[in-house]
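Working notes, structure below.
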Amino acid sequence: MEIFDSHTHLNDTPYAGHEAEYVADAKQLGVTEMAIVGSDTGLNDGALTLAHEFDNLYAIVGWHPESAKDYTPATEAILEQQLQDDKVVALGEIGLDYHWDSSPRDVQKRVFERQLAIAREQHIPVSIHSREAFEDSYNLLKAAHLEDFGGIMHSFTGDAEWAKKFLDLGMYISYSGIVSFKNAPEEHESVVVIPEDRLLVETDAPYLTPEPYRGKPNQPGYTRYVVDAVAKYRESNAEHIAQITHDNAHRIFGLGANHDN
């Protein structure tokens, strides 16, 4: 079994100095590849460092909506340089967060629109963070016309109706540990309607630890338990879910179906 964690933060503080151990532990659980996600200049650099240290790790770089207030022409210039790195597979995580509102909403929208424009210019997929902001996220994505290279709705928490709307925009839908929670009816509803060629899995580690380890620190290897949960609700099996989500990650990230690590 080969599992691809399509969104993890191994570049975050909890893992500092122990990244190799977590990569090795993940392989023991069948997680052979990961996309390491940045959210500002420093964490983007951290994602790139890890991607170059490990052959089976890739980088996603961008500016998170919580950091949008600190996005400037200077940071944008750095981001555009970071996007040229050959280990970068997507621009993210970008989007809107109306739960924390760490940055004013008008600023979040402006920075989101700007990064969508960069993605369109560079023909690179996007990884989208959308919390309590589906309507605005959908409208901005629709206006951006990213159909040719698409993107990912990371840690999707919407119902089947919202899933179908984002699918119509050419997006892939990625499920995190939330799908393993008993009290996640919208995720359980939507995960069964995702076409096999648009489904992804992730940990979003160190956040959103899946069952049976909910409440404990998350790690990339726990993507295995996300796979198990997705298989349960889709009435499939773990091997099949691992295979299709692995292949889908390779496709959206431009790694090729037979990429050799």
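Quick reminder: no glycine exception, Cβ is built from N, Cα and C everywhere.
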Notebook entry, point to check: TrEMBL has H7, H9, E93 binding divalent metal cation 1. Which one of D197, D204, D228 is in the same site?
Noted result: D204
Item checked: Number of Cβ atoms other than its own within 10 Å, given for D204 (divalent metal cation 1 binding site) -> 26
Notebook entry, point to check: Hey, how far is E93 (divalent metal cation 1 binding site) from H154 (divalent metal cation 2 binding site), Cα to Cα, in Å?
Noted result: 8
Next item on the list: Report, in whole Å, the straight Cα-to-Cα distance of H154 (divalent metal cation 2 binding site) from H7 (divalent metal cation 1 binding site).
Entry: 7
Next item on the list: Would you kindly give the Cα-Cα distance separating H154 (divalent metal cation 2 binding site) and H9 (divalent metal cation 1 binding site), rounded to the nearest Å?
Entry: 13
